[in-house]
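A.B. asks: Pasting a structure below so you can have a look.
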């Protein structure tokens, strides 16, 4: 397949910069003629870009078109993040005034930067792989984990945080984006794995004991305190109260008692009364008390999903033949990278109220602990994907099953 399609997506994504600027300017000028000109120009630019993309042969993979649109939106999100931090001006001013309030939180800032940089790079890499006919399953699984973490925290944070009553049309649009992305996740999971190892290599690696695999032993040693830290942060006490769900959401629930039970469970999970929990919150991570509820949801999701993952991973490092290990580590490492980037950045960002930011004298410890907590799963993912022999099973065993 020609590389022109991938080049066209890259050019199309960059066209979001002048398009955002023109639309923002014309909206503030309140000129119908200018707005019509901007709309026609946008349609013309998109048509020319699509013609350039599909000049020789249209890609058959439907995810190509999904990622092309997402790449365009990623650049828009990067523009939003830069304008929120006053690095640029006049591109998304109107949108920032009319958008959902969560976009102006520190968590919203970090989401914009993550989507505009990391997700944008992943979209371009997957588009390039589709263009050249290569497999993009590994990058896709990493994106799946990142997207699922972002979407889960966004939905639950909006439901129980202080912005729970501010649900506008843009939230419906975001739910459409989530629905399409979930479909893309299933498409990626359905792709066949490209791992192929010789049976002799698998047998030699799987016969080696744990002491003969010092790297795996080191990972096991690190995963135990990582699991403890994950559970500890999920139980850290938070004195802030969770805001109720919007009234229109409650009407769709079967009973009010169901809502009360869910909120009770949520508050208990974050209501550890231990002195260690209180001291840690006050000295190192006061951002966990932020009333936006995003950090609370982040820690709760990490405890409920990352905690069992670490236990399963310990089993996979001890027992050979766990073929799900490379895929599972890819999904989890993408989720944790997104979560930690948002959490670390929001804890230090100026949009976070000063009382909820990490104190200056505690920042070295905060950064050291959270960076190590982020890097260990990434290193484990790299080990499982580059040296998967221990986790694979011979083809004869699969045929017998």
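Backbone N, Cα and C define each Cβ position, glycine as well.
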A.B. asks: Match it up for me: which of 169-189, 253-273 does TrEMBL list as transmembrane segment?
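C.D. replies: Of the candidate stretches, TrEMBL labels 169-189 as transmembrane segment.
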A.B. asks: Quick one: sort out which of 139-157, 291-309 is the transmembrane segment according to TrEMBL.
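C.D. replies: Residues 139-157 are the ones TrEMBL records as transmembrane segment.
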A.B. asks: For the feature transmembrane segment as recorded in TrEMBL, pick the matching range from 111-132, 331-352.
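C.D. replies: The range carrying the transmembrane segment annotation in TrEMBL is 111-132.
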A.B. asks: Most CB pairs under 8 Å with the transmembrane segment (111-132): which of 7-28, 63-82, 139-157, 169-189, 210-236?
C.D. replies: 63-82
A.B. asks: Do you know the DSSP helix, strand and coil residue counts for the domain 'EXPERA' (60-185)?
C.D. replies: 100 helix, 0 strand, 26 coil
A.B. asks: Using a Cβ cut-off under 8 Å, which residues of the same chain at least 6 positions beyond either end of the transmembrane segment (210-236) come close to it?
C.D. replies: 269-270, 272, 274, 277, 280-281, 285, 288, 299-300, 302-304, 306-307, 310-311, 313-314, 317-318, 369, 373, 376-377, 379-380, 383, 390
A.B. asks: I'm a bit unsure how to read this: which one of 7-28, 63-82, 169-189 has the highest number of Cβ pairs shorter than 8 Å with the transmembrane segment (139-157)?
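C.D. replies: Looking at each of 7-28, 63-82, 169-189 in turn, the most contacts to the transmembrane segment (139-157) are made by 169-189.
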A.B. asks: Six or more residues beyond either end and a Cβ under 8 Å away: which residues meet both conditions relative to the transmembrane segment (63-82)?
C.D. replies: 5, 9-10, 12-17, 20, 53, 88, 91-92, 95-96, 103, 109, 111-113, 115-117, 119-120, 123-124, 126-127, 130-131, 180, 184, 187-188
A.B. asks: Take the transmembrane segment (169-189) and find every residue of the same chain, 6 or more past its ends, with a Cβ under 8 Å from one of its Cβ atoms.
C.D. replies: 62-63, 66, 99-100, 137, 140-141, 143-144, 147-148, 151, 154-155, 158
